[in-house]
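Participant: There's a structure below that I have some questions on.
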Amino acid sequence: MQNIGFAAGSLIKGRWTVVKKIGQGAFGEIFSGKNIINNEQIAIKVEKVDTKKQVLRLEVAVLKKLQLCPYVCRFITCGRHNDYNYMVMELLGENLSELRRKQLDGKFSLGSTLKLGVQMIQSLQAVHDLGYLHRDVKPSNFAIGLNPSKRNITYLIDFGLARRFVLASGEVRPARESTGFRGTARYASINSHLSKDLGRRDDLWSIFYVLIEFAEGQLPWRKLKDKDQIGEMKQKYNTPDLVKDLPPQFSQFMKHLKSLNYEDRPNYVFLQTLLNDCYTSLGLSESTPFDWEVQTNSGASSSSSNTTQQQQQQQQQQQQRNLNQSGLNNSSARLMASPSTIDVEASGKSTQLNNSNNNNNNNNKGLGAENDSSPQPQIIRRNSESNSQIANSSESDNKGSGGGSWNQKSSSPRHKDKNLQDDGGEGSQKHLKASNNNNINNNNNNYNNNNNNNNNSHMNGNGSNSQPIDKIELSHQQQKSSTTKCCSTSKCSVM
């Protein structure tokens, strides 16, 4: 695409200043920036208003609904500036693709791979429970926090290819006979290569491929460029041999995914428990750092640093080999994936999501998994997913392109949503406390009940407002009144 041309030093709405371009995609560009009022570092995503395929509106809609999930980046504001639509969000650190390439042999230790897997599954479950598919799951669409206290948190980003997979009634949309390819060839599911309509299982197939690459440093089709050839090789390796050098939990993970049909809801708890059991069987604990968190003396040489990391990886690899030889017993021990506190900031303010890990009666003892000492995969096959379990709002058909202009003259209900208007950066984040005292199922029920009573306020709007997107501010009372939860994890409960 052509360079959008946001110059360094440009000022947006008298508050956000552009620093430099940090990324570019098919439909827009991303810049780092700064809030000139409080010096907060931000990211600004922009697209031209006359872009044929506008995706920013959809991304804003999804991101705003996920703001209570600890594994989704913080949304700040959105609007129009001159001939551009823009979205301001929290600036994050390196993505997982960059971090992996910095590791020895280009791979993560097994322990880090498993911890990452649990966080990624939890973030995808939150998206799915809102009724959306991500459809472009890959390492570069997960990034760690920029703040040192958040470098152990993985955030899901880039919802430009997201698609709503449920109807207003809560039923899963009928599968289309044929669709175009969606995603990134290396990590896309076989169904995507076959031009089949994608479901929740396909996002998890992408997670599966990502985890293999994290643990082994490569995928068998890494050298191929043609997506059709990649698809053929994926079908060839669609057997347990693909994970023969990994712990047996990976083959169980694969077996569950292969059992799912288009409309089925994956057993997220079962998948998290598999990874959690493998993690605890390695003798690792909650305090075990990610590979990139390993501390080295500032004066130590590069070779000394490499030796330390190499010893750590060799130790974990030896543990892995021992486990492969002897097999693993299911463990009831669980490890909490999130840190004890997670900062959530909004417009220069901050609060704490208190995730207490010391409650002996807490049913969520795993990396987000339920306390089930002998988990069995459960598959729900039905076209109706119950209105209380999937998203709440009535949606027009979304083809994955984000469709439509931010101009309020559009006839699509989605384009008249008052919640997508520019709020000037104030009050876009709800200050709520997360409780860790409810198990995952209770959280699902509470979240869904809230959704059903929310009158579809997040996405539908009343369609009566014809003002431009950057002229309408959300009142504090409007924002304060919404307590819809974004996901079913214990960390996202609303007190």
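Cβ from N, Cα, C; glycine included.
Okay, these came from Swiss-Prot:
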type     : residues                                                             : note
DOMAIN   : 16-275                                                               : domain 'Protein kinase'
BINDING  : ILE22, GLY23, GLN24, GLY25, ALA26, PHE27, GLY28, GLU29, ILE30, LYS45 : ATP binding site
ACT_SITE : ASP136                                                               : active site, proton acceptor
REGION   : 293-469                                                              : region 'Disordered'
COMPBIAS : 295-333                                                              : compositional bias 'Low complexity'
COMPBIAS : 354-364                                                              : compositional bias 'Low complexity'
COMPBIAS : 385-395                                                              : compositional bias 'Polar residues'
COMPBIAS : 435-466                                                              : compositional bias 'Low complexity'
Participant: Taking every protein chain in this structure into account, which of the binding-site residues ILE22, ILE30 has the most other Cβ atoms within 10 Å of its Cβ?
Facilitator: ILE30
Participant: Is GLY28 (ATP binding site) helix, strand or coil when read with DSSP?
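Facilitator: The three-state answer is coil.
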Participant: List every residue in the same chain as ASP136 (active site, proton acceptor), at least 6 positions away in sequence, whose Cβ is under 8 Å from its Cβ.
Facilitator: ASP158, GLY160, LEU161, ARG182, GLY183, THR184
Participant: Secondary structure at ASP136 (active site, proton acceptor) (DSSP, helix/strand/coil)?
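Facilitator: Once the DSSP labels are grouped into three classes, ASP136 (active site, proton acceptor) ends up as coil.
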Participant: Under DSSP, is ILE22 (ATP binding site) part of a helix or a strand, or is it coil?
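Facilitator: In the DSSP reduction, ILE22 (ATP binding site) maps to strand.
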Participant: State the count of C-beta atoms found within 10 angstroms of the C-beta of GLN24 (ATP binding site), not counting that atom itself.
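Facilitator: Its Cβ has 13 other Cβ atoms within 10 Å.
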Participant: Would you count the other CB atoms within 10 A of the CB of GLY28 (ATP binding site), including those on all shown protein chains?
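Facilitator: Taking every protein chain into account, the count is 23.
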